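Q: Sharing a structure below in structure tokens format, with a few things to ask.
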Amino acid sequence: MQRLVEIERFDSEESVEVTLRPSAWNEYIGQEQIKKNLGVFIEASKKRAEALDHVLFYGPPGLGKTTLALIIANEMNANIKVTAAPMIEKSGDLAAILTNLEEGDVLFIDEIHRLSPAVEEILYSSMEDFRIDIIIGSGPAAQTLKIDLPRFTLIGATTRAGMLSNPLRDRFGMNFRMQFYSPEELSKIISQASNKLNKKIADEACSEIAKRSRGTPRIALRLLRRVRDFADVANEKDILHSRAQYALDELGINSYGFDEMDIKLLNLLVGANGRAMGLSTIAAALSEDEGTVEDVLEPYLIANGYLERTAKGRKATPSTYKILNVTMPALDDGGLF
């Protein structure tokens, strides 16, 4: 079952996201420092009539990495080729993409940390020297064919920057860490999207949805669409605060943006009586794999101070005890089980 607060994109959401996605800097809300720096680099590249240096965006899913890549291409007046690492299975697949690029084009590779080592090696020379070496034949008769490439910009996006090899990471001239969004930024995003959906929404309703959206635009837009469903069924022309509040409560998203799975995890940690819990123990108790716990459940809770990762495991924070209305243990022996 898919969670409404899931940060990964649902298969059915791609076309909707395209409709609601901003296409220019003045429409893009949030990530102000990244926008400011990119604006300088883009302007400098345009003045020199050069391709923009390679860019790496990293951070949790749903924060706008793909959108920024599309805006960069738009600002550079460049064509963009969008792909994902799992679709590039062999070095020949990447070579075919690279040899079809034109001068100044942008190549966006999502989930770039999932490239195989063989494919990654092709990127090294193409990023640094704008050249690829293709081996024709095998054995003693094998020959290397050098193919020059037009100067292009590679934009990589990853949720696991630590999984990138050092040689690949070092070839990106710009590295940007995407931050979670403030409730105020999300409110603006929700209002903007509501206009595109031709549905008026009260400011208070925007704020209500925003505070339950876990700092993530993808979740905010998903919740907006579900709240709109409730309003439409109730034959309400506008989305009012009371309707947004009712809809989100019915959907099981509380005022902290927690759903049932979050509450289960936090109750599990609180039940440890101040001791740290190992990742494998948590995963087994929740019937989830460790990767899901680490990459999907934990980031928002850690970023907002509800969960602490220590050398000995995971622990609930004072904020967690407070919102769950549980008294903190007087002693903490720091044990692990």
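Any Cβ shown, glycine's included, is placed from N, Cα and C.
Bear in mind that the values here come from a model prediction, so they are computed numbers and not experimental data.
Annotations per Swiss-Prot:
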BINDING   LEU20, ARG21, GLY62, LYS65, THR66, THR67, GLU128, ASP129, PHE130, ARG171, TYR181, ARG218  ATP binding site
BINDING   THR66  Mg(2+) binding site
BINDING   ARG309, ARG314  DNA binding site
REGION    1-181  region 'Large ATPase domain (RuvB-L)'
REGION    182-252  region 'Small ATPAse domain (RuvB-S)'
REGION    255-337  region 'Head domain (RuvB-H)'
Q: I need the least crowded one of these binding-site residues (ARG309, ARG314), counting other C-beta atoms within 10 angstroms of each C-beta.
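A: Relative to the other binding-site residues in ARG309, ARG314, ARG309 has the fewest Cβ atoms within 10 Å.
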Q: Whole-number Å only: compute the distance from the Cα of LEU20 (ATP binding site) to the Cα of ARG309 (DNA binding site).
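A: So the alpha carbons of LEU20 (ATP binding site) and ARG309 (DNA binding site) sit roughly 35 Å from each other.
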Q: Could you tell me which three-state DSSP class LEU20 (ATP binding site) falls into?
A: helix
Q: Let me know the model's mean pLDDT on the region 'Small ATPAse domain (RuvB-S)' (182-252).
A: 96
Q: Please report how many Å separate the Cα atom of ARG309 (DNA binding site) from that of PHE130 (ATP binding site), as a whole number.
A: 42
Q: So which one is it: of the binding-site residues PHE130, TYR181, which has the fewest other Cβ atoms within 10 Å?
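A: Output over binding-site residues PHE130, TYR181: least Cβ neighbours within 10 Å is PHE130.
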Q: For the binding-site residues GLY62, GLU128, which one has its C-beta crowded by the most other C-beta atoms within 10 angstroms?
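A: Highest number of other Cβ atoms within 10 Å: GLY62.
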Q: How many whole Å apart are the CA atoms of GLY62 (ATP binding site) and ARG314 (DNA binding site)?
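A: Taking the Cα atoms only, GLY62 (ATP binding site) lies 24 Å from ARG314 (DNA binding site).
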Q: Taking only the Cα atoms, work out how far GLU128 (ATP binding site) lies from ARG314 (DNA binding site), in Å, as a whole number.
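A: Answer for this pair: 41 Å between alpha carbons.
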Q: What is the total of other Cβ atoms whose distance to the Cβ of THR66 (ATP binding site) is within 10 Å?
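A: Taking all protein chains shown, THR66 (ATP binding site) has 21 Cβ neighbours within 10 Å.
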Q: If one measures from the C-alpha of ARG314 (DNA binding site) to the C-alpha of TYR181 (ATP binding site), what distance in angstrom results, rounded to a whole number?
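A: It is 24 Å, counting Cα to Cα.
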Q: Quick one: give me the count of other CB atoms within 10 A of the CB of LEU20 (ATP binding site).
A: 19
Q: Could you put numbers on the helix, strand and coil content of the region 'Small ATPAse domain (RuvB-S)' (182-252), residue by residue per DSSP?
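A: When I sort the residues of the region 'Small ATPAse domain (RuvB-S)' (182-252) into the three classes, I find 50 helix, 2 strand, 19 coil.
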Q: Could you find out if DSSP has ARG314 (DNA binding site) as helix, strand or coil?
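A: The residue in question, ARG314 (DNA binding site), is strand (DSSP, three-state).
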